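Peer 1: This is the structure I want to talk about, given as structure tokens.
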Amino acid sequence: MVTTRSRSKNNRAADKDRSKERFAYRPRSTFEESDALVGYKTIDHYLQYDCLLTREELQRLDEHVYSAVDTSWLDELCMKKFWEAVVLYYPLWVAPNLLTLIGKFLSDAQKKIVFFSGLIVNLTTVLVLSFYCPTATETAPSWAYFLAAAGLFVYQTLDATDGKQARRIGASSPLGELFDHGCDSASQVFVTLNVCYALQLGTVRCGVFIACLISVSLFYTAHWSTYCTGQLRFARFDVTEAQWSIISMLLCTAVFGPGIWSIGVFGYYLKHLLLAAVALGTVYQALGYLAVIFTDGVGKNGSTVAGTSVLFPICPLMAVIVPYCMIYSKSASTVYDDLIVIFVLQFGAVAAKATNRLIVAHMSRSELSLWDWIYMGPIALMINQYYDIKIDEPRLLKYTTVYVYLSLLVYCLFITRQICDHMGIFCFKVSPQRSNK
């Protein structure tokens with residue numbers, strides 16, 4: 001018994017040593033030639049620094065295994081059963097990533113293929129409401145709010161079933177996790193804008209911007225904790241519950257109109273009480289994430305999966321938040337209130353790229369870099385303001401918004417292509433062997 005107990009202790013110590021070695025710090029190596037490069041020195045330098053992984057990072061990506069702990073109340077109550085039933089209707093030839101971006105449902109009655117889109121549905125609904133509510137103070141037709149609620153439900157269903165479809169056809173891969181969470185990061189601002197339209201938060205000073213800031217910051221913090229622990233953890237009230245709360249809010253707005261949120265309760269508007277409740281819930285959730293970040297790091301001395309400081313991921317987050325807070329507060333005109341949708345869409349794109357970089361760093365166990373070329377967008381706005389350069393602010397805002405979305409798109413396209421080439425898989429296609437299972 002003594003010998004067995006001693007061996008058990010030795011095994012545990014060996015496992016601990018292997019774990020520490022796995023999460024040890026490794027500086028980023030020199031970038032090597034890649035098929036992803038285009039042959040122009042300046043462009044290739046940009047791609048190497050901004051978009052592509054090194055060979056060592058790709059090798060560590062191969063070793064990545066998705067890990068999550070889900071204690072969500074609604075998931076356990078009914079939603080998992082619903083999603084497991086839905087996934088059985090998907091054809092085996094439908095790639096999981098296609099469900100996140102474009103889900104296909106066959107209509108036997110009409111013999112047509114109807115395309116729903118997870119990410120694109122959210123984008124479509126926010127564009128519809130943006131057309132009717134450009135400053136988040138107007139009232140849209142009831143059907144527009146219904147459409148937003150339906151779009152969020154479709155996105156939630158497709159987003160929740162892509163992983164199940166991947167396991168069903170044996171197509172699970174790190175690319176699927178990256179694609180899933182990457183689309184989620186881009187959708188954060190779309191969903192939050194629909195809430196702002198329903199509550200008419202444009203009537204509240206900084207209301208739309210603060211709501212979007214809270215949304216993207218909390219999402220980033222969730223993945224910050226994952227970067228530290230190597231495990232994505234869902235609370236009792238988490239994504240599913242928040243999405244159903246938003247769906248219910250949009251349906252109430254469609255039936256009763258946005259004026260229902262201006263009803264007086266205890267001397268306050270109902271929407272102000274809702275915002276206060278959301279703020280308190282956000283603080284509670286964020287404190288939970290921070291407690292995990294400071295105490296549960298899996299690397300040496302409680303560091304991240306990359307062996308780096310658990311505090312450093314706050315730097316990219318601040319690099320996103322601080323410039324936009326300065327830009328919004330410094331403006332002497334109402335340009336950013338008049339064009340609040342474009343302003344927060346730009347903010348959401350910059351935050352989405354920072355979050356995607358954090359997700360990739362977690363999966364490849366690599367260190368984060370502080371600089372990103374997408375920051376040239378907010379920097380241009382700041383320089384124009386603080387040095388009184390006579391460039392039309394609305395026009396510059398539109399140009400920089402196009403720039404940041406192009407930067408985000410290029411990053412997503414090139415890193416997806418690189419991972420697909422490295423792993424020998426397709427992003428939106430299932431191999432014949434898998435589809436015939």
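Cβ coordinates are placed from backbone N, Cα and C, and glycine is handled just like the others.
Per TrEMBL, the features are:
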- 1-10: compositional bias 'Basic residues' (COMPBIAS)
- 1-20: region 'Disordered' (REGION)
- 113-134: transmembrane segment (TRANSMEM)
- 140-158: transmembrane segment (TRANSMEM)
- 206-224: transmembrane segment (TRANSMEM)
- 244-266: transmembrane segment (TRANSMEM)
- 273-294: transmembrane segment (TRANSMEM)
- 306-327: transmembrane segment (TRANSMEM)
- 339-356: transmembrane segment (TRANSMEM)
- 399-416: transmembrane segment (TRANSMEM)
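Mind running through what each feature is packed against?
Peer 2: Sequence-distant contacts of the transmembrane segment (206-224) (same chain, at least 6 residues past either end, Cβ-Cβ under 8 Å): 136, 181, 184-185, 188-189, 191-193, 195-196, 199, 232, 275, 278-279, 282, 285-286, 289-290, 293, 313-314, 317, 320-321, 324-325, 328, 336, 340, 343-344, 347-348, 351-352, 354-355, 358-359, 362.
Residues 74, 139, 142-143, 145-146, 148-149, 152-153, 191, 194-195, 197-200, 273-274 of the same chain sit 6 or more residues outside the transmembrane segment (244-266) yet have a Cβ under 8 Å from a Cβ within it.
Residues 23-26, 209, 213, 216-217, 220-221, 224, 227-228, 293-294, 297, 299-300, 336, 343, 347, 350-351, 354, 357-358, 361, 365-368, 370, 372, 375, 378-379, 381-382, 385 of the same chain sit 6 or more residues outside the transmembrane segment (306-327) yet have a Cβ under 8 Å from a Cβ within it.
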